[in-house]
Structure formats: C-alpha cells, structure tokens
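Take a look at the structure below.
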Amino acid sequence: MMIPRFDPNDGEGSTRLIEDLTTNTSQVQRQVLKEILTRNADTEYLHGFLEGHTDLDLFKKKVPVIDYEQVKPYIERIADGEPSHIISSQPITELLTSSGTSGGQPKLMPSTAEDLDRKTFLYNLLIPVMNRYVDGLDRGKGMYLLFVKPEISTPSGLTARPVLTSYYKSSNFRNRPFTKFNVYTSPDETILCSDSKQSMYCQLLCGLIQRDEVLRVGAVFASAFLRAIKFLEDYWEELCSNIRTGHVSDWIADASCRNAASKILDKPNSELAELIEAECRKEPWEAIIRRLWPKTKYVDVIVTGSMAQYIPLLEFYSGGLPLVSTMYASSECYFGINLRPLDLPSDVSYVLLPNMAYFEFIKVQRTDEDEAGGIECNGNGESKVVDLANVEVGCYYELVVTTFTGLYRYRVGDILMVTGFHNTAPQFRFVHRRNVVLSIDTDKTNEEDLLKAITRAKLLLEPLGYLLTEYTSYADTSSIPGHYVLFWEFKTKGSSDLSKLDQTVMEECCSTVEACLDSVYRRCRRFISEPVQDTKVHQVLGRNWNLRREGVALALAPAAAFLLDLGGAPVLSVLAAGLLLAYLLDSLRLKSAAFFAVWFSLVAAQLAFFFSASLHSAISSLPLTALALFLCAETTFLIGVWASLQFRWIQIENPSIVVALERLLFACIPVAVPALFTWAVVSALGMADAAYYFMAFSCVFYWLFSLPRPSSFRSGKQDTAAAGDSQVLGPLESCLHTLYLLFVPLLFRIGSHHSTIFSSFSSVCDLLLLFFIPFLFQLYASTRGALWWVTRDAHQMHRIRIVNGAVAIVVVVICLEVRVVFNSFGRYLHAPPPLNYLLVTVVMLGGASAVGAYAVGMVGDASSSAAFTAVSILVSGAGATVIGFPILVCSGFA
C-alpha cells in the first residue's frame, strides 16, 4: 500500500524512514507508479489509453498531461451517480473541494478511504521532524485553531467538502492514538463545531485557560491564525469574564462544544482573568502571543505562496517567534514536508515524499523581457516532462501528479523552484500558482509579482504607524486603458488615527505598486492616458534612504570634522566657497551644475589638503603620509557619494547608478571610517593601545553598516529570488568586511609594535585578543544575520556559532587573565597561588560562557534556567573567594 507503518514517538525510527524514502527516490517512484497502474489499468479512463497494459514507459508515452477541464467530466459523472470505476478501482468515498486559490474556482477532487491513511502518515512524520529542532514538545500542549467548513451533498449522495474538513471529521483524526508530542488545547468537539464563531470562541477560551501548558500555537494558514487574533481583540473582555466566573457565555448554544469547553473551565480563576486582562489592555498588541502564552516556542502556520503577505503581521503579534511551515499539501494530494522547519519563511523548501504519489514536472521558463520577472509556463504538447529524481537545481517546474485516487498526469498548477536535494529527493520552494493573475491586456501579473509590489508599497505606511493586514484585487477593464483595483485593510499601531491617513500617501503607494509591476502593464496604462510621473515614483523608492542617510551622516561627520581640523584654514576656505556656490546653483534650479559644484568643492578641498603643511608635519614617514593621504581621499570620496545621493533627480533619472552608489557607500564606510576615527583618537591619547581602538571602531561600524539590510533604491522588479540580491551588500563585500574585522586590527598591532610582539606572554596575548574578540563579535552578529554568505542553514550556523564560540571564549578568557586581571588587578587577589589562577578562571570562563549562551539564544529564560542559576552561583562564590571575602570572615571570627 506504499504507506509504511511507524511509531511517531520513535524519533530514530522515523528519521530512518525519511532517510530510506529520500535515498531511494527513483525506486520508490517506480513502485508507486507500478502499483497505481496495476490497480487501475482497467478503469475506463486508463483503459482508453493503455488497453489494460501496465508498462511504465507506455504510460508516459500514451497518457496525456491534463488539467482540470479534461478530468472534470469524469468527476462530474461520479458526482451524478455513475460508478467510481470510471477513474478508480477503489470506491470514491467523497469529493474534496479546492481551497479557492485554484484560479478562484472551486474544483472537485476524488478521494478514497485509503487516502486518509496516506494523509495520516504524513501528519505523523511532522512530529519527529519538529522534535529534531525543538526540545521538550512532549511537556506541553499545542494551541492549534482548527475549523470545519460547510459541506454539500452531490446527486449521487457523495459528500463534497474541503480537504481539512474531511480529515477532521474522519475516524483517523477523531480516533487518533494518543501521543504525548501532539496534545491539543482544543477538544475535538470545539474543532468539529459547525458554527465557526462558537468554535473560535471556545478554542480560544480553552487555549487561554491552559496558557501555561502551551508550547506552540498555530493554524493551518496564516490568514486563519490572524483571524483568530482579530477575534481575540474583539472578545477578550468576555473571555476574561468567563474565566473569572467559571461559566461559558450563554450564547454558546452548540451542546457538545459548550460541554467540552465547560470541562476545561471547571472553576473560576480571577487571578488568570486579571493577568490576561492586563496584557490585552496594553496597546499596541505587539508580541501578544509571547505575552499571553509565554512558553510558546514557535508559530505553526503556512506562510509560503500567497500567505507570505501575512509575515510582517505575524511577526508583529508573535514578537519574533519562529514562523514554521511544516508541510506542503493540496486537495489533489498531500505532497511533502519541510525537513528544516526553523528556516526563515523566505527560505522554506519542501521535500516531496516519493511514496505519496507519482510526481512529474514540466519545466517552465522566465520571460526574457528586461523588467518582467514573471514565470511563463511552456507547458504545451512539446514540453518535456521529467521525473522527480531528474529535476535540476535552480530551475522552475510545474507540478504534475498521478495519484492513488484517480488523477493521472494531472497538472496541479503549482510553480516550484528546485532549491537542492535531501539525499536523492529534491527540495522545492513554492513560487506561485499558475494562471492566478491579474490582466487587462497582454500583461500578466501573478501572485508573486503582486505580493512584491505591495510589500514595497506598504513600507511607506509602517513608519506612520499603519499595518496592512489584508488585501485583494481585481482587473477593472470598464475604462480604457484598464487598471488593477486594490482593496487594502489596515490596522493602526499605538495612537495612530486611521482617519488621518493622508490621501497623498495612498497615491504614493499606488505609484509604487505600479512602478513595480509588469512593464507591459505600465505600457498599457500609458497608452492614451497621461504618463506615470517618474518623479513621484522614485521619491517613494528612496524613502528608506531618507530614513537611513542620517546614520551615514553621523558616521561621516566626525571624520569630516577631523579632516577639516587637520587640513586647517586652506581646506576650510576652499570647501566653504565651493559649497556656497553649489547652494546658489541649487537655489537657481540648476541641479546638474549644483551637483558638479559639490564634487568640484570636494576635489579642490582634497588638493588643498594634499599640500597642507600640517599633515606633512604631523607624519614624518613617507609611506605613512601616502597611506594617510589615500585614507583622506577615500573619506572625501565617500562624502561626495553621500552628497550625490541627496539629489532627487539622480535617484529618478539614474536608478541603477543610485543602487551602485549606495552599495559602494556601505562597502567602504566600515573600511575607511574606523581607521580615521582611530587616527583621531591616537592623536589625542597616543599609540600604546591604538590597535584596540581600531578593533572597537571596526566592530561598531561593522554592526552599523555590514549587517544585511535591504537596499533603499531597488524596485520590486529588481528583487530576485536570491536573498542576497535584494540587500545593499553582496556576499563579496560581506566576506571582505569579515576578513577586515578579523585581521586588519591584528596586522596594525603587528606593524606598529613589530619589535616587541613576542617580547612577553602579554604581548602574545594582545595578538590573540585582537583576533578572537572580533571573532566572538562576528559570531554574535551572526544572530542578527551576519555571516549569511557562509550558509543559509540556520541549524548549521547555530552549530558553527557554538563550536567556534566555545573555543574563542576559552582563548579570550585566558588572555584577559594574563593581560588584564593578573597584570593590572593582581593586588586585589587575596587567594594564594595556584588557587587564585583556578578561581579567576572559573569566574571569567563561567561568566563568559553564561553570557555567550544567553547571547546566542541557548538560554531562553535566564532568570528561571537552573543551569544559568547554578553557573551564576558558582561564579559569584569563586569571585568572592578570590578577592578574600571568606578569609575576611574567618579572620573576624578569630
């Protein structure tokens, strides 16, 4: 039956099963197809092509690839009362309706009793996968908000209902065996309640009562989970009243739902009601999930495809909890699972389990048009269909399935991208649905394009205190040219008043969306109508730069002030005259002349600086003078780049140049500015600890400019699938910044103290500290996205962080003991050797380990962690002992 039996509580056995399935992908797929053909060769549909044969190659040659319109007549015949043998040798027990994302039209999919076992098999695999990444899930419950939807009866008496409703009402779900890893706060009666409002109320009530036991929260789709949060916003006062009185609201009329909730609400609990009320009264509701369910470890919802629009709102309500998409399924078939559930939503990939169905793929192509990033399917009769094991990494495919329930070479309509392989089984990222588009002419806008455009536009609203919670759209062709109509639903943060939302802001949002859409659409819009005002569009795209430029200015301003002081009156005079000229030209609207006047001023100031007597008198060495001049010239150039980005006309007329200038600025500041700041400090304090100043400034500017951040000037169409392509800095610059931080302060120390670097153990410790302190800083910065260019595997990065961090902490602690503690504070250590060495090491290594563990997220709740508390006590005791506290006490008693 191709449904292996296993115990979901057996983590090792489940892992072996997954490894076996994904290691023998081709073999399992051939067995699946062979079994499907053997069972169904004599059905009316297959017999018409194969005449009773079960040869696999003949199947691929004779049976056509179809979509729903070709199989629809057969399914409708079964719905009207004809026997299941039309398409399936097994009885069709029900018909499953699509979710509404299949081109907007519900479809009917055949299902059998055995198919429920196949779904249960996949659900059971999710438990051991999550246990590999999240510990302790057997010590609490999951608050999953699950619902059933209305169903209809076909003329034949078969029930037609959504796939999830089918599963929740099946004996597979209702009579599921107990497993300590999968206990829900919602009783089955509340899930199966047909009244969605009563069901929602009772499930939330049960979840709040059991808040201290909840370890994970979720729903199937992100939209459903957010509807639950909105419901909680509307009903929290009534829910708290129920908890305080121990009585379920009278309007809950469904008897089984009411009784199940009443068993959970077995007594009044005023203390819990007051606690929940206190949290719900706080505005805004940011991190409300963490606050109401404090032990929650992750949010389990689907956030891929069209659900990606809800990620910002989920992050707002969850307070940064991981968003986990565990499985990939549809009404046609359950496909696969996510083997790396803690990956970022943008990195989620699913492994298609080869025993679930027979999978084939039609390769799809990107259009060659410069600005159109949509994916066009070449799925015509000449398209080559490839097997599951033969897809290529980086390519896009449309999924084709042959199921055990009567679908043969059926085009599901999902466009997937191959991101890699797990053993021999490919991993896929869901991209979008085929043919789910907006169109007013020859343009085609799919879900991914629209989501990117709206994501770009809503950035204008977030600084103003507004969150986009829902959107929908349609193509209006009642006018010429036609246009897309968007409906947006907002939520305010804090004290923002929705009625005061400026109309011009909404117009800018529309312009931004239009600028990010298909160029064919924009061309159609310009036909007959007035051209789109590019000025307005690019002002919008540069809004993020307006918010970011102050940080760049704060970095460059002290450097500029130091250079002016070093250059003296000649430099200041030349610069003042040139900038005054630039200001006058700008006032006369001679924008190009003003731009060149700024650069002329900077070049003239640099020449004056070059011939400055103060510089040559300050530095006697010719190589150092050359290096200093280069550093000053580079800083002056960066100031010019920053000034260039302030000109709106450059942002509008040269968008690609603006992106390059922004990248250049962020690439060079962490290199040039720390050196200049160090120069300034050394001028005042001397060279003794110059390398440490250099290291400190390098860390600060690495944090400010090298951590990954999106570009301020890329439009939605310039974004690509690769996360690095949408960031200011690419992998090369990020790698160079890392190497600079690790080695340049160290090399500076070697160059400035070359005659004494090995003269003592303290000098050697200086070298080690100058390498390993930045190294530790890098590892901590990786928790904020640094080192993304090394690996995108969060689990692998965590291992790198732990192993390397442990080594670095040991080295840093030993060096600090030698260089600082015993060298500068030895007189305060009253314990005799070698006890003092042991106690100081315990204090510093224990403290550093505890702080490091907390910094990288290994201590979830520092105040209540037994291990953290034990280490704190040990460190405190050792510290008290080494400074002589116990000795003093004993002396007093003596």
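Note that Cβ sites are derived from N, Cα and C of the backbone, with glycine treated the same way.
Annotation source TrEMBL lists domain 'GH3 middle' at 350-433.
Here TrEMBL flags 448-539 as domain 'GH3 C-terminal'.
Same-chain residues lying 6+ beyond the ends of the transmembrane segment (552-585) with a Cβ under 8 Å from its Cβ atoms: 593-595, 597-598, 600-602, 604-605, 608-609, 611-615, 618, 632, 635-636, 638-639, 642, 665, 669, 672-673, 676-677, 679-680, 701, 704-705. Annotated transmembrane segment per TrEMBL: 552-585 (among others), in sequence order.
The annotation transmembrane segment is assigned in TrEMBL to 592-612 (among others). Outside the transmembrane segment (592-612) by six or more residues, the chain places 563, 566-568, 570-571, 573-575, 577-579, 581-583, 585-586, 629, 632-633, 636-637, 639-640, 643-644, 647, 650 with a CB less than 8 A from a CB of the stretch.
Annotated transmembrane segment per TrEMBL: 624-643 (among others), in sequence order.
Marked as transmembrane segment by TrEMBL: 664-684 (among others). Cβ atoms under 8 Å from those of the transmembrane segment (664-684) belong to residues 552, 555-556, 558-559, 562-563, 618, 628, 631-632, 634-635, 638, 641-642, 645, 690, 693-694, 697-698, 700-702, 704-706, 728-729, 733, 736-737, 740-741 of the same chain, restricted to positions at least 6 beyond its ends.
According to TrEMBL, the feature transmembrane segment maps to 690-707 (among others).
According to TrEMBL, the transmembrane segment annotation covers 728-748 (among others).
As annotated by TrEMBL, transmembrane segment applies to 760-781 (among others).
The transmembrane segment annotation in TrEMBL covers 802-822 (among others).
For 834-856 (among others), the entry in TrEMBL reads transmembrane segment.
The feature transmembrane segment is assigned by TrEMBL to 868-889 (among others).
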Point to revise | Confidence summary for the domain 'GH3 C-terminal' (448-539), mean pLDDT rounded | key: 69
